[in-house]
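Each remark here refers to the structure printed beneath this line.
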Amino acid sequence: MFVVLFVLTLILLYAVFVVWAERKVAAFIQDRLGPMEVGPYGMLQTIADLIKLLQKEDIIATGANRFLFRLAPVLIFTAIFAGFATLPFAPDLIGSKADVGVFFMITIVSLDVVGIFLAGWASNNKFSILGAFRAIAQVISYEIPLTLSILAVVLICQTLDLQEISFQQGIYFVNKQELNTSLFGITSLGIDVNKIGGFVSWNAFKYPFLLLAYVVFFIASLAECNRAPFDIPEGESELVSGFHTEYTGFRFAILFLAEYAMMLLVAFLGVVLFFGSWNTALPNIGSLHFADWTSGTPGTIAGYAWGLFWLISKGITVVFLQLVMRWTYPRLRVDQLMNLCWKILLPLSLFLVIVSGVWVVWMKI
């Protein structure tokens, strides 16, 4: 119950902050100030907008399927919220420890597209249903390279448990499976990355080809979130607002919150798989035990605090990169989007899976 309340509070506070941050990022890139009037530096603008949004009239179109129209936003948010259940927030802080956490996460990330289709179809609006069709085609296409990029990590780590993957990238890893913990998997170097800790022990640095896997993961996750430059399902110039054209008031707020929650979820997932999860970024250097000093002991208050700090810091950094991407790159056409997926990302992700398999076999020789 504590984790449920913690995640819900985290999502709400994050949404308030990131909506303001997105406006400021957009303003900076477009050489303007952004919100400045409500609160210091406009920091309370999101609260004001939320109050205004909740006062809006709840309108349901005459021809809409009222039951499914109401159900869709709840289904979308619930699917995304459930994804946080198996995320490790600290060494001993996880909603539900699952041995197949990676599989659960891949499944749950895909479920929100069902709600998107219901939202588009139940609205009985041509723009909404076209947006829903685009979202389905996009998500199904990008699900494949996304899953393959994750599979590359799973092959290396030899587990589907997200908490175990987290431990493998830090100083508290107990090597029960006799995994190769040498830098680049080369035992002759004599460098045990788990003793050094910090960024040196992260998957993306321990196995350099996984940096390329993360690039595939990041691009595919943007498409999963329907974020620019992959926001074709919501193309304002073509579809008004896509699948949520007919939504107003509180239900629109739920859809808006779900989109930002999805951004945070895939950011956290990428951090857990590639960038050390809740482990510190600072390595031990000689007598300077930065990793030890900035990790805390698992099961203690310091362990929880440091774990949350590092995971949230890394996650927010990725979200910031997502925001910059939106205001930097133009929206792709549908054919460009599909070409990128099927002709570039899919072959690249397949190649990375093969490299991971060969790497694992080579490390055991």
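Our numbering is plain: 1 for the first residue shown, then up by one each step along the chain.
The backbone N, Cα and C atoms fix where each Cβ goes, and this holds for glycine too.
It should be emphasised that the depicted structure is a prediction, and the values quoted were computed from it without experimental measurement.
Long-range contacts of the transmembrane segment (1-21) within its own chain (CB-CB distance under 8 A, at least 6 residues past either end) are made by residues 35, 42-43, 45-47, 49-50, 81, 84-85, 89, 93-95, 257, 260-261, 263-264, 312, 316, 319-320, 323. Under the heading transmembrane segment, Swiss-Prot lists 1-21 (among others), citing sequence analysis as support.
Nonlocal intrachain contacts for the transmembrane segment (71-91), taken as residues 6+ away from its ends with a CB within less than 8 angstroms of a stretch CB, comprise 3, 6-8, 11, 97-98, 101, 104-105, 108-109, 111-112, 114-116, 118-119, 122, 162-163, 166-167, 172, 247, 251, 254-255, 257-258, 261-262, 265, 268-269, 272, 277-278, 298-299, 303-304, 306-308, 311. The feature transmembrane segment is assigned by Swiss-Prot to 71-91 (among others).
Residues annotated as transmembrane segment in Swiss-Prot, with sequence analysis given as evidence: 100-120 (among others).
Taken from Swiss-Prot, the feature transmembrane segment covers 136-156 (among others).
If you look up Swiss-Prot, you'll see 199-219 (among others) marked as transmembrane segment, on the strength of sequence analysis. Cβ atoms under 8 Å from those of the transmembrane segment (199-219) belong to residues 145-146, 148-150, 152-153, 156-157, 165, 168-171, 173, 181, 183-185, 193, 270, 273-276, 279, 281-283, 318, 321, 340, 345, 348-349, 352, 355-356, 359 of the same chain, restricted to positions at least 6 beyond its ends.
Residues 11-12, 14-15, 18-19, 73-74, 76-77, 80-81, 83-84, 87-88, 102, 105, 109, 112, 119, 150, 153, 162, 165-166, 202-204, 210-211, 213-214, 217-218, 221, 224-227, 244, 247, 311, 314-316, 318-319, 322 of the same chain lie 6+ residues outside the transmembrane segment (254-274) yet bring a C-beta within less than 8 angstroms of a C-beta in it. What Swiss-Prot records for 254-274 (among others) is transmembrane segment, and it gives sequence analysis as the kind of evidence.
If you look up Swiss-Prot, you'll see 301-321 (among others) marked as transmembrane segment, on the strength of sequence analysis. Same-chain residues lying 6+ beyond the ends of the transmembrane segment (301-321) with a Cβ under 8 Å from its Cβ atoms: 10, 14, 18, 21, 25, 88-93, 218, 263-264, 267-268, 270-272, 275-281, 294-295.
Marked as transmembrane segment by Swiss-Prot on the basis of sequence analysis: 342-362 (among others). Remote same-chain residues near the transmembrane segment (342-362) are listed as 141-142, 144-145, 148-149, 151-153, 155-156, 158, 185, 207, 209-210, 212-213, 216, 219-220 (criterion: CB distance under 8 Å, separation of at least six residues from the stretch ends).
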